[in-house]
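Going by TrEMBL, these are the annotated features:
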ACT_SITE  TYR126  active site, proton donor
ACT_SITE  PHE418  active site, proton acceptor
BINDING   VAL85, THR86, VAL87, ARG93, ARG94, GLY95, LEU96, LEU97, SER98  acetyl-CoA binding site
DOMAIN    3-156  domain 'N-acetyltransferase'
Amino acid sequence: MSLDRRTVSEADFPDWLRAVGTGFLRSASAPPPEEEVAVRLAHTDLSRLQGVFDAGRCVATFRSFAQELTVVGGAKVQADAVTAVTVSPTHRRRGLLSRMMATDLAAAKERGDVVASLIAAEYPIYGRYGFGPATWTAEWEIDVPRAGLDPRAPVPSEADGGRIELVDGADVRKLGPELHGRLAARQHGVVSRDERWWQRGTGVDVPSFESWTEPFYAVYRSADGGTDGLIAYRADDHWGDGKQPLNKATVAGMLAVTPAAERALWHFVCSIDWITTVRSGHRAPDDVLPLLLPDPRAARIVTQADWLWLRLLDIPRALEARTYATEAALVVDVRDATGLAGGRFLLDVSPSGASCVPTTRDADLTLDVAELGALYLGDESPVRLAALGRLDEHRAGAAATADAVFRTPRRPWCPDVF
Ligand SMILES: CC(=O)SCCNC(=O)CCNC(=O)[C@H](O)C(C)(C)COP(=O)(O)OP(=O)(O)OC[C@H]1O[C@@H](n2cnc3c(N)ncnc32)[C@H](O)[C@@H]1OP(=O)(O)O
């Protein structure tokens with residue numbers, strides 16, 4: 001019987017969820033409990049769910065949803081966020097992912113989405129579809145006694161005027177969205193969170209495959225009482241043979257919209273009695289954390305990897321949406337084998353605005369749409385891509401000009417996994 005790729009109906013949904021569990025090696029054979037299916041259905045746009053069915057049984061899954069992505073300068077573009085991509089091990093490498101991806105990207109283009117976004121399970125999967133790694137992540141493990149922080153110092157410092165308060169999940173659901181909105185207005189790479197995100201993130205209706213332990217939550221209030229930062233962390237219970245506390249705090253999330261809040265929250269979590277190790281959670285690779293410590297070598301990098309991948313669907317709108325710190329003009333030839341977004345464009349930028357229009361002028365640079373995805377938020381270097389042979393320079397110095405055009409002083413950061 002031929003494989004049937006189709007949009008998922010309400011009746012298909014439990015089996016579709018079962019197939020996601022199979023593909024992600026979570027559970028072997030049963031759909032989640034009925035109540036959980038109902039909760040998830042209420043938060044799912046079925047028209048953006050695809051499944052492939054073999055003799056009526058779901059063997060491949062794909063979901064996309066509407067997302068806003070903050071670009072350089074703080075504007076937001078509409079993203080087609082891709083998730084729940086699985087193909088059962090019995091049906092792998094027969095082109096099912098390629099079929100579902102082609103269907104989804106065509107629909108996103110038709111809808112007018114500017115980019116598609118995802119967090120890749122494995123690096124080699126998505127480049128072929130025009131995605132490039134646009135943000136990277138780093139995680140540190142801090143040896144607190146070695147870090148050299150003054151254990152007697154109050155946190156935050158009295159000079160700072162702010163204070164740290166412990167709060168609960170209900171407070172986080174109240175305060176978090178506003179704080180996140182302020183972060184999303186300034187940090188490129190941030191993606192939108194809906195109400196459901198804050199519920200799941202604070203233990204409301206958590207799916208059965210996730211084991212949930214309530215974290216500790218603390219907020220940073222500035223001198224004027226505003227909430228400028230939020231941290232969630234969990235602690236284990238580990239004691240040495242000599243009766244010394246050797247507990248580890250693992251940060252589940254930390255958002256800060258001012259440098260004072262950022263410094264205070266890191267200092268706070270590194271100053272909790274009994275805690276001798278802090279795991280930072282996923283941060284931008286240029287996070288201030290290690291250099292906040294008197295001895296930065298006490299912060300060991302434990303993860304360094306690609307994080308948010310982007311696929312440009314509308315190059316003029318994408319490039320005009322972000323800001324640029326320099327004044328320059330570049331003709332960029334973008335290859336896109338799918339025909340969705342490629343072409344030759346004149347990109348004319350200055351600190352007061354940008355225009356990107358199709359052109360027949362000679363190209364300064366040629367690159368694949370996936371490489372443009374890696375450049376888009378300012379993280380990758382065109383000069384480095386040229387050295388790798390992934391960007392062709394047709395005019396001497398054009399890659400260096402592109403470096404000045406695209407790169408940003410601070411690196412992009414996407415705090416979420418989706
Ligand atoms: C955004 C997210 O949800 S990330 C989660 C992705 N899902 C997973 O990692 C779960 C486990 N893996 C799977 O379910 C599947 O292997 C998938 C979804 C990754 C791939 O599905 P498939 O249907 O096997 O992919 P498909 O047959 O369309 O492959 C297309 C091409 O990609 C290649 N490819 C697919 N998966 C991988 C991989 N994991 N690593 C390297 N190459 C891959 C194939 O070899 C093929 O290459 P070719 O065209 O040169 O022959």
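In case you wondered, yes, glycine gets a Cβ from its N, Cα and C as well.
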(message) Quick check for the class: what is the C-alpha distance, in angstrom and rounded, between ARG94 (acetyl-CoA binding site) and TYR126 (active site, proton donor)?
(response) 16
(request) Sorry to bug you, but what's the C-alpha spacing from the residue listed as 'active site, proton donor' to LEU96 (acetyl-CoA binding site), rounded to the closest Å? (result) 14
(message) I want to verify one value. Collapsing DSSP to three states, which class is VAL85 (acetyl-CoA binding site)?
(response) strand
(message) Looking at the domain 'N-acetyltransferase' (3-156) alone, can you tell me the average pLDDT?
(response) 96
(request) Quick one: pull the CA-CA distance for PHE418 (active site, proton acceptor) versus VAL85 (acetyl-CoA binding site), whole Å only. (result) 11
(request) Quick one: give me the count of other CB atoms within 10 A of the CB of VAL87 (acetyl-CoA binding site). (result) 21
(message) Using the CB centroid of VAL85, THR86, VAL87, ARG93, ARG94, GLY95, LEU96, LEU97, SER98 as the acetyl-CoA site centre, which other residues of the same chain sit with their CB within 8 A?
(response) VAL52, ALA60, HIS91, ARG92, ARG99, MET100
